[in-house]
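Okay, so TrEMBL annotates it like this:
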TRANSMEM  50-72  transmembrane segment
TRANSMEM  78-97  transmembrane segment
TRANSMEM  117-133  transmembrane segment
TRANSMEM  139-159  transmembrane segment
TRANSMEM  180-199  transmembrane segment
TRANSMEM  239-260  transmembrane segment
TRANSMEM  272-293  transmembrane segment
TRANSMEM  299-316  transmembrane segment
Amino acid sequence: MAAAARPVDVVRHFPCSSSAAASSSLLLSRSKSRLASPAAAAASSMRRRLVLGVGAAAAPAVAALAASATPAASATPAALRDGAATLLITAGAYSLVRAFDGLTARRLIEQNLSRKIVHVLSGVLFMSSWPLFSNSTEARFFAAIVPLLNCIRLLTYGLRLSTDEALVKSVTREGKPEELLRGPLYYVIVLLVSVLVFWRQSPIGIVSLSMMSGGDGFADIVGRRYGSAKLPFNENKSWIGSISMFISGFLLSALMLFYFSCLGYFTVCWDLALGKLALVALAATVVECIPVNDVVDDNISVPLATMLAAYLLFGYSSCC
């Protein structure tokens, strides 16, 4: 019986120039490397399918290639963007406080006015900077670094581990370091909670920060200057201050909701949202009027009341 035929390697020698030989050797090495790597062969096949576009069969190849390439390509730019935004906002927050430290030290602005301007601007500017961060799931944690650093700073000076008289004078009522552990610390904790819990996709945190920073801030500024007519149940609060809180908190909340809705973070049905927003502002104003400052600070009671009212009226992720 004849032996079974088997494939054999046949090498034929042809006369050729040295350059042709080198070229054929290079082609042979490339072919071997392609055959030696199944993953490379599969990727090459996928690319050929994408180029040729075999009808509907090309769609799975596109999806598979995009899924494998996108995470690796976008992770690093997102982290760099979030890191840069964190550094920029941290520097801005520090510069804001330092600027009013200098104004207060030179007696160009009253201490109480300086404190409340910082109170208003810190929350508003921090919220306004959120779109600087990427859409990654880690973005909120980068943003949370800003209030976290401020927490550490306030604890350091409030516990007298270090001293910063200019800071103390610009953000406290009586110029005592211990005051940093109350209102200012509560303020940055609310900022931290709003970022981690609500972030940009929920109107609750945005409205809460607007009422705490803008509403409560303007209530104090206006009330101290023009608040001669006091509330009958709270001699420390005035009618004009409470009215200012309602109006400024309502307007700032509406402005910030418009800002974030235009950027596509959530939907606002304005025909319903404005009425609900007025109720939220009213609830926050009533809580701010109650004489419980010795028990609960405004920087805790106002945002908590606002969060509850906003959740009941709006829900978590929309204003409809």
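Note that the numbers count up from 1, one per residue, in the order the chain is shown.
Yeah, the Cβs are placed from backbone N, Cα and C, and that goes for glycine too.
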Is it the case that the transmembrane segment (239-260) and the transmembrane segment (117-133) have 3 or more CB pairs under 8 Å, with pairs at least 6 apart in sequence?
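Checked: the transmembrane segment (239-260) vs the transmembrane segment (117-133), in contact.
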Among the recorded stretches 78-97, 117-133, 180-199, which has the greatest number of Cβ pairs closer than 8 Å to the transmembrane segment (139-159)?
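Comparing 78-97, 117-133, 180-199: 180-199 has the most Cβ pairs near the transmembrane segment (139-159).
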